[in-house]
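A quick write-up on the structure given underneath.
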Amino acid sequence: MKYKIVFLLVFSTICKADDGYRLWLKYDLIKDTGKRAAYARSTQFIVLNSTNPALKTAAGELQTGLQGLVGKPVPIVASAGGKTGGIVLTINPNLPSINDEGYQITSQKTSLSIAGKTGSGVLYGVFALLRQLKTGQSIDQLSLTSSPKIQHRMLNHWDNPDGSIERGYAGQSLWKWYELPERIDPRYRDYARANASIGINGTVVNNVNASSRFLTAEYLQKVAALANVFRPYGIKIYLSVYFPAPKTIGGLKTADPLDPDVNKWWADKANEIYKFIPDFGGFLVKANSEGQPGPQDYGRNHADGANMLARALAPHKGIVIWRAFVYKADPNADRFKAAYDEFKPLDGQFEKNVIVQVKNGPIDFQPREPFSPIFGTMPQTPLGMEFQITQEYLGFSTHLVYEAPIFKECLDSDTYAGGQGSTVAKVIDGSLHDYQLTVMAGVANTGSDRNWTGHPLAQANWYAFGRLAWDHTLSSESIATEWVKMTLTAEPQSVKTVTDLLLKSREIYVNYNTPLGLSRPWTGVHFAPEPWQNRSSRPDWTAVYYHRADSVGLGFDRTAKGSQALLQYRPQVQRQWNNPETCPLPYLLWFHHVPWTKKLSTDRTLWDELCTRFYAGADSVGGLQKQWTSVKKDIDPETFADVAGRLATQQKEAIWWRDAWVLYLQEFSRLPIPAPYKKPDRTLKEVKELVDIYQLR
Ligand code: BDP
């Protein structure tokens with residue numbers, strides 16, 4: 001009987017379903033006993049002889065990690081006392097060849113050393129060492145040196161004070177404003193750990209469509225309580241601000257950035273904020289964009305607005321992150337061109353502590369966009385990157401899209417701003433134009449769902465964002481492999497299979513969703529296909545504005561004969577995309593209106609190629625399902641079932657996307673669906689009815 005109980009206890013611990021809460025920080029006993037013994041020999045104790053908060057965090061994380069991985073307690077001691085086999089954590093401000101947050105891990109004969117110039121550097125080194133262990137790599141003769149390429153690696157939360165999240169698909173906000181500052185949800189610390197483990201060092205906790213409430217003393221206390229939790233993990237807090245706050249909460253008659261009283265109000269507000277949060281990071285601002293007020297309401301420009309806030313923050317070393325996501329209602333304009341037109345003339349006019357944050361593409365986080373032309377055009381203004389991790393246009397949390405390839409595609413694009421090789425990555429890491437301020441932001445996909453991200457595999461997107469913000473030269477594949485090993489399984493065949501499935505997922509989504517350079521076939525909630533949508537308060541909020549289907553063909557002519565948006569790029573870039581005969585197919589319909597019967601480089605006509613992609617894309621989801629089934633034995637049952645269910649939904653919805661597009665476009669092309677594909681079972685009317693139901697989501 002006794003044995004039975006013990007067995008049941010052990011069994012239930014081993015088989016305890018994995019709810020995904022631990023993300024990639026799963027420090028379970030390493031199965032390979034040989035490796036485990038080797039690791040245990042070199043990690044017998046941790047030497048910590050400082051009270052630096054981040055260093056203490058580092059020691060604690062290392063202790064927890066090692067205890068889990070090697071299965072024995074690892075004491076933290078103040079000195080090695082002549083003993084060998086320990087890990088020494090040191091801060092050394094004079095270390096050569098790393099920057100302030102970099103780390104150096106070296107195995108000496110009898111001990112391992114993790115050193116950095118700051119506590120945060122050591123903390124990142126600790127997580128790097130744990131990554132080595134968890135992914136089964138040797139730690140003998142280890143010599144790892146790494147520094148982040150971007151200074152501010154941050155998440156942008158689009159979280160509202162009422163707990164909802166704009167474009168959030170993983171539950172409610174993590175921040176329980178109504179409980180703060182008195183009650184500190186333990187999850188705040190786990191959030192900070194997860195971010196620190198991938199190098200993220202900043203977080204904007206509220207929506208860019210901001211409420212001025214966050215600047216009141218009442219809320220600043222709450223924000224300060226979060227900042228206190230994040231600080232030992234090297235994470236600074238930032239706030240999105242509502243530009244007219246001097247009016248809404250300050251009692252002033254204006255928010256004009258050139259008005260002395262308004263300037264004084266912001267300066268006083270900054271002083272107040274820094275009393276609450278001495279290491280406050282700064283402001284993120286969405287102004288004169290999608291109805292948000294801004295400096296233009298007073299006849300001023302973006303630089304006037306940003307500079308006023310920058311002057312208020314400068315004495316405290318805070319920064320202003322001013323967003324370039326702007327476009328005005330103009331029936332004759334091309335939204336593609338709007339941000340460039342407004343920002344290019346302001347190059348060089350911003351204060352030193354301002355950075356302009358630009359979305360990766362010119363429109364809005366589409367499944368595939370060319371890089372924003374702004375990246376090639378503002379050498380005298382630091383430009384930061386804004387990626388979207390949450391899957392606003394990528395099927396929410398039911399469709400699988402591993403986003404590293406989206407991020408990489410943009411980072412690796414050549415702007416030619418300083419001749420060949422002037423990639424977007426080199427623009428935003430500051431190396432091309434010697435920017436003194438660098439930012440990479442990701443709109444967070446986290447929420448109150450137990451597994452943080454809704455889709456279990458969407459955790460990989462948060463992970464990939466952090467890893468790329470640290471080092472944009474990493475490949476999508478290496479990040480995927482690492483994440484799978486850290487999170488799902490170490491079995492080599494399954495690691496390979498899941499990595500492969502992740503790597504394919506984005507292209508599959510593009511194929512059934514927006515192939516050949518189509519964009520924005522949504523209105524409303526940005527989930528269901530609505531390529532027929534042609535009515536809205538603004539033309540650029542309809543779907544037909546983007547695809548321009550007519551009896552002749554499909555696509556948006558942005559060449560010199562069309563909207564001329566292509567002219568915003570450097571001539572070398574224009575040459576790549578200018579000619580419909582040679583324009584790479586992924587960008588074809590972004591820049592050209594192509595006749596239905598035009599032969600493409602695939603030797604198929606545009607119509608046949610489109611159909612092929614819609615059908616092949618939808619079919620490929622079946623392939624993903626098969627691959628996932630093949631790894632079942634190596635995946636936690638709860639995670640397996642969750643992903644399997646979501647893939648099944650994706651399969652259904654991919655067919656529905658395919659049907660919506662082909663049936664709708666067929667009304668213009670008047671061409672048959674090419675063999676071997678069969679006509680959809682439903683009618684266009686039926687698809688539209690289905691969409692109406694989904695728009696109620
Ligand atoms: C769009 C979103 C909207 C955001 C906006 C932004 O649909 O919810 O407020 O971007 O980035 O993608 O400001």
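Placement of Cβ uses the backbone N, Cα and C atoms for every residue, glycine included.
Per TrEMBL, the features are as follows:
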DOMAIN    23-129  domain 'Alpha glucuronidase N-terminal'
DOMAIN    133-452  domain 'Glycosyl hydrolase family 67 catalytic'
ACT_SITE  Glu290  active site, proton donor
ACT_SITE  Asp364  active site, proton acceptor
ACT_SITE  Glu392  active site, proton acceptor
DOMAIN    453-675  domain 'Glycosyl hydrolase family 67 C-terminal'
Active-site residues (Asp364, Glu392), the one with most neighbouring Cβ atoms at 10 Å: Glu392
Residues near the residue listed as 'active site, proton donor' in space but at least six apart in sequence (CB under 8 A): Asn209, Phe325
Rounded distance in angstrom between the Cα atoms of Glu392 (active site, proton acceptor) and Asp364 (active site, proton acceptor): 10
Residue counts (helix, strand, coil, in that order) that DSSP gives for the domain 'Alpha glucuronidase N-terminal' (23-129): 39 helix, 21 strand, 47 coil
DSSP state at Asp364 (active site, proton acceptor), helix/strand/coil: coil
Where the residue listed as 'active site, proton donor' sits in the secondary structure, as DSSP reduces it to three classes: coil
